[in-house]
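Residues or ranges marked as compositional bias 'Basic and acidic residues' in TrEMBL: 274-284. The domain 'OmpA-like' feature in TrEMBL is assigned to 366-483. The region 'Disordered' annotation in TrEMBL covers 272-313. The signal peptide annotation in TrEMBL covers 1-24.
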Amino acid sequence: MRHLLTTTAALGLAMFAAAPKAQAQTSDHKTVIGLSANAFQYKGNLGSDYWDFSRSKWGPGISINQYIAPGLSIGLQGSYAELKKSIGTNSSTFATNIVSANVPIKLMLNNGWALKEDAFVQPYILLAPGILYYSREGQYRSNNVNTNINADETKFAGQAGLGINFRISDNIGIFVQTSQVVGYKANLDGSVGGDNDGWDDRFLQHSAGLNIAFGKPKDEDMDGVPDRKDKCPGTPAGVAVDENGCPLDGDGDGVPDYQDKCPTEKGLASLEGCPDRDGDGVRDSEDECPDQAGLPALRGCPDSDGDGVADKDDKCPNTPAGTQVDATGCPVVVDSDGDGVNDDVDKCPGTPAGVTVDSTGCPLPIPAEIRKLEQPIRFETNSTVIQRSSYTTLDKMVQVLNDHPEYSLRISGYADSRGTDEYNQGLSERRAESAKTYFTGKGIDTNRIPTEGFGESKPVVPNTSRANMAKNRRAEFKFEFYIPSQPQP
């Protein structure tokens, strides 16, 4: 039986020793295998060896623990021991081989509150319900009678104790632990009639051993830093990070290297990590004037006169605002309408070709002989029909318009005082339009004949007689310069 127990323990130890390499137990590495050497000290009806290490019996132990939550783990553990004791010569003696198997529950102080999970010193409390299987051989002497006490039994047991794990590295820890193991009605020494309450026989188990943890930490962004320690979760794949899981920032400007267009120069986040000495918003590498604040449109160079040419290229600085300039910053000589007056001083741009203008670019006054042709025409009462007697006057004005394409002819219609103001206003407008129709019928562009009506508001004589009223029923004409770029009223 002893050989069986020894072999079983050895196989168990070998199995756990073959477990893969891993790291110290935390929420990142949740499974721990422990190998231990144990000193067992008996206490029962035949005496006590408690705390007497010279009488300790030694045996191996194995365990596997699983991290459940911060400060809590649960697992399986087993140990093998051989307890022996003799009292006097030819008296009571026993040798008991014990295999214990239990479920250790550890309450750990390295729970993230009292101590960090990866603290060097990691104290814990152990509570472990389980079973004891023991094989006992020996004899018990009472009243000069020896009784054979050989037996194999299995009993429920409990274990409680304290321990400390020391974190040596990321994958190794060593531990020391002291606990007491009590089996209910476990008669380890074979005493007869001495164990009245079922709890007399027990033993201390002092352990020292090695912990090896394994398991893959959770690392959602796969940057090599566990999520628990990652201060920059969500780092893009392939980005180099520091020990905190944050992207490297070689120049310390707050812009990660993988986003930094100037990774070796301290710069601004707004410029993708590039410097801007003059603070004009143009990175120095693209700034043609890096020490003078300028305009992005001019590659960081200033433009004092605002003509769109950088000062360094401007051969005509201080050009007046609004002046059209060439690539050198000098005024451009432009005469869009070809009247001989440059656009920058031309007060009448768009003058038709061939029109004589003054120094401001505006046409010279219309000659007096043409003005003499601006004769009014008369209308019958409440009529818009042009009288035949007016055709000669109108035809002379048609000829002027044909000879002078730079002219337009404004027609103003009028009425006498008979009728309402509203009616007379409409009548005056229709008279002006009637006259316009005469000109357009002769081929004159409608845009050159603006019209307007004034009703009875501007009589040439008082409306006190029929003769005077006849004079007020009229259309008047005025030649003007026709500039197509300007709207005609």
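Using N, Cα and C of the backbone, Cβ positions are placed for all residues, glycine too.
Source: prediction; values computed, not measured.
For the region 'Disordered' (272-313), the list of distant contacts is 251, 253, 255, 259-263, 265-266, 319-321, 323, 325, 327-329: same-chain residues at least six beyond its ends, Cβ to Cβ under 8 Å.
For the compositional bias 'Basic and acidic residues' (274-284), the DSSP counts in helix, strand and coil order read 1 helix, 1 strand, 9 coil.
Each residue in the domain 'OmpA-like' (366-483) has a pLDDT score, and their mean in this model is 95.
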